[in-house]
Amino acid sequence: MSCPVIELAQQLIRRPSLSPDDAGCQALMIERLRAIGFTVEPMDFGDTQNFWAWRGHGETLAFAGHTDVVPAGDADRWINPPFEPTIRDGMLFGRGAADMKGSLAAMVVAAERFVAQYPNHRGRLAFLITSDEEASAKNGTVKVVETLMARNERLDYCLVGEPSSTEVVGDVVKNGRRGSLTCNLTIHGVQGHVAYPHLADNPVHRAAPMLAELVNIEWDKGNEFFPPTSMQIANVQSGTGSNNVIPGDMFVQFNFRFSTELTDEMIKARVVSLLEKYQLRYSVEWWLSGQPFLTGRGKLVDAVVSAIEHYNEIKPQLLTNGGTSDGRFIARMGAQVVELGPVNATIHKINECVNAADLQLLARMYQRVMEQLVA
């Protein structure tokens, strides 16, 4: 017997939607949603396709996700071509199977089943879908959220279908995310010949004590919901490639994943004070890709936990670790935001796959959340 969730997931995987190219995925979803009474508003920005769809009125539960995927890598190393979905030993293989076309299929089928059972549901059910989450994320969910906020759209609850689970579907629910702040720092020196250091000013030597102190700072101890803030140097560049030239500049890029114990302004101030302490000549640029957010126990978390306990008979962990997601933008609307999706063990990897039975289970969980919040 065919399964509508698996069939839709396979149809989506066949569309090679390398970010930000949607490759027809959203048209497929929109067709299904319009067929059950959704109003669909395309919101394209630049090279990115997005849509906002809704059905009903009042208290709003949105399902959010992305149709874009990362590159497949070496296709010859896949057990099957990455955009030709195949099922082996109960596992659905294909780029995007876990991140996150499987979730998208589960959302749409859950909505179809929900509307069939509750054609006159009391609340509003919505979808917020983008084709730019894996790349720059500049013309995707953030732009849709800005548009919705400008016209005072209501959004009470949002379930993001990111692959949150680690071993079995539903074992982990993300009810928040750390903030992400990147510093692009250039230390200025004076280029010269290595044999005449008194005629130059080596920026690497100048920066070394400051960087040593920077990496040893304990920024905070975290709290009940967040691990301690982490700072990692990601890139260091200096020199001409020649062994007889003292470099004129040194570029250092570092990233903070920060908890609710700090603000981005507090981090910036401490870094600048450190630069001043060591009397460095510098240029600095900051990129804040997201503030930390947290959804405490409430209607959405309770509904998601209840759905998982009902179908998988496990109590999920509520965690905030891992990378950022589009939930950071949606949280700006004042919505309760959680992430629930399939197992993430193979995301972005060669032979990405997801248990086909997990997608069927996920669709049931999503439907139960709908029933608890907007039926």
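Glycine too: its Cβ is placed from the backbone N, Cα and C atoms.
In the shown protein chains, 26 other C-beta atoms lie within 10 A of the C-beta of Asp68 (active site). In three-state terms derived from DSSP, Asp68 (active site) belongs to neither a helical nor a strand segment and is classed as coil. According to Swiss-Prot, the active site annotation covers Asp68, on the basis of sequence analysis.
Annotation comment: Swiss-Prot describes Glu133 as active site, proton acceptor, evidence class sequence analysis. In the three-state DSSP scheme, Glu133 (active site, proton acceptor) is classed as coil. In sequence order, Ser19, His66, Asp68, Gly140, Thr141, Ser325, Asp326 are the residues of the chain that are 6 or more apart from Glu133 (active site, proton acceptor) and have a CB within less than 8 Å of its CB.
According to DSSP, Glu162 (Zn(2+) 1 binding site) is assigned to coil rather than to any helix or strand. There are 28 other Cβ atoms within 10 Å of the Cβ belonging to Glu162 (Zn(2+) 1 binding site). Residues or ranges marked as Zn(2+) 1 binding site in Swiss-Prot: His66, Asp99, Glu162.
Here Glu134 (Zn(2+) 2 binding site) comes close to Ser19, His66, Asp68, Val69, Val70: these same-chain residues lie at least six apart in sequence, with C-beta atoms under 8 angstroms from its C-beta. According to Swiss-Prot, the Zn(2+) 2 binding site annotation covers Asp99, Glu134, His348, on the basis of sequence analysis.
Candidate binding-site residues: His66, His348. Fewest other C-beta atoms within 10 angstroms, His348. Take the CB of Asp99 (Zn(2+) 1 binding site) and look out to 10 A: across all protein chains shown you find 27 other CB atoms. The distance from the Cα of Glu162 (Zn(2+) 1 binding site) to the Cα of His348 (Zn(2+) 2 binding site) comes to 13 Å. Cα spacing between His348 (Zn(2+) 2 binding site) and Asp99 (Zn(2+) 1 binding site): 8 Å, rounded to the nearest whole number.
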